[in-house]
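Here's the structure, in structure tokens; my notes come after.
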Amino acid sequence: MSWQNYLDEKLNVRRNTPLWRKRQVINHSNGRFLTTISGEKYLNFSGNDYLGISQHADVINAWQQGANEYGVGSGGSGHITGFTQAHMQLEQHLADWLGYDNALLFSSGYSANQGVISALLEKEDIIIADKLCHASLMEAAALSPATLWRFLHNSPDSLSQRLNKTSANKILVVTEGVFSMDGDQAPLRETALISQKHHAWLMVDDAHGIGVLGKQGQGSCDDVGIKPELLVVTFGKAFGVSGAAVLCNKPTAEFFEQYARHLIYSTSMPPAQAVALNSALNVIKQADSEREYLQQLIYTFRQGVASLPIKLLPSQTAIQPVIIGDEQLCQTLSDYLQSKGLWVKAIFPPTVPPQSARLRITLTTRHHLSDIKLLIETLHAFFSQNR
Ligand SMILES: *Cc1c(COP(=O)(O)O)cnc(C)c1O
């Protein structure tokens, strides 16, 4: 098959279906509202900036100061020229905050997950991952020479069954603190106990828990008092910036410095970004009242939609998906909300399991209580017209 035929075939499968992906240009966003390039203004219910930190004056200022001091780029990987005092201070700050020996910075969560799994696992090893783990974890595991098994979502029994079936020396159990498309939380205490019993290491990706859960926003693991061998935190969500870090003990950090190709062969984040992240971390530590307010918004939303003919997931987090199932109806609902000035993007398979197309509604402290009420009323209006 020629290149042209291959592309045509692949594109035609999706063209004119709700699965066709298209990026929309955003002109301006302040966390609460976003404006498109054609000047239309929407209330934003699709972002991951749960605490509105992307717009925080201290953090913006820190980034500007950082750029004045260091310039805009790091000039190389951390092993060459790209590990500045700003990077070192951020790593130490993160390690102290989360109670680990070391933190290692990566350019993104995607790259952190790839870097960790590709460095640690060999052919005879086993990765046992929750079925709903993020694409970056599943892809890293699939590319790894180790064997990948999956356990039923949030099921300690299913995990135990898998662990009972292997005698591999190196086993990595992988899960998330808060699941990105469902908003529910993993049973981390049981997961940690079971992993420990089988001498497996536990890796927790807390992309959506860090900053919003636990005391001082220390995340899902702190919230239940566990300390996995590997904790991945990302900075594109509640931190409001981008980038990621892996928290681990000292020998593991030394190992990654030697063997994690994503650290060695990729330009480190700009130093100014590290300065901004340090400032974002200070904001997060002091954001108890914002986290409380977020809980209030979550409660208001769940109460308000409880009587609708929709499936609401058991989520206590800022991710409140509305499961529709049918892809066309889901797109119709998303379009309807958009026509009413509400930006709520539909998520389709394969990002989520088949027959579970959904609106992934997210809440942020930038929202006013009246915004949540408007969303609730608009959902009620749609369902009273579409019974
Ligand atoms: C967003 C996300 C990632 C990827 O992080 P980026 O920094 O955006 O690359 C990884 N894991 C989970 C669970 C995520 O939600």
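Every residue, even glycine, has its Cβ placed from backbone N, Cα and C.
For the pyridoxal 5'-phosphate site, TrEMBL lists G109, Y110, S180, T234; matching the candidates H87, H153, H199, H208 against that entry yields H208. Matching R14, R15, R21 to the substrate binding residues that TrEMBL gives (H134, T351) identifies R21. Mapped onto three states, the DSSP output places T234 (pyridoxal 5'-phosphate binding site) in strand. Considering only the recorded positions G109, S180, H208, T234, K237, the residue whose Cα is spatially closest to the Cα of H134 (substrate binding site) is S180. Summary: among the binding-site residues (S180, T234, T351), the fewest other C-beta atoms within 10 A of the C-beta are counted at T351. Of all the Cβ atoms in the protein chains shown, 24 others lie within 10 Å of the Cβ of H134 (substrate binding site). For K237 (N6-(pyridoxal phosphate)lysine), the binding-site residues whose C-alpha atoms fall inside a 10 Å radius of its own C-alpha are H208, out of R21, Y110, H208, T351.
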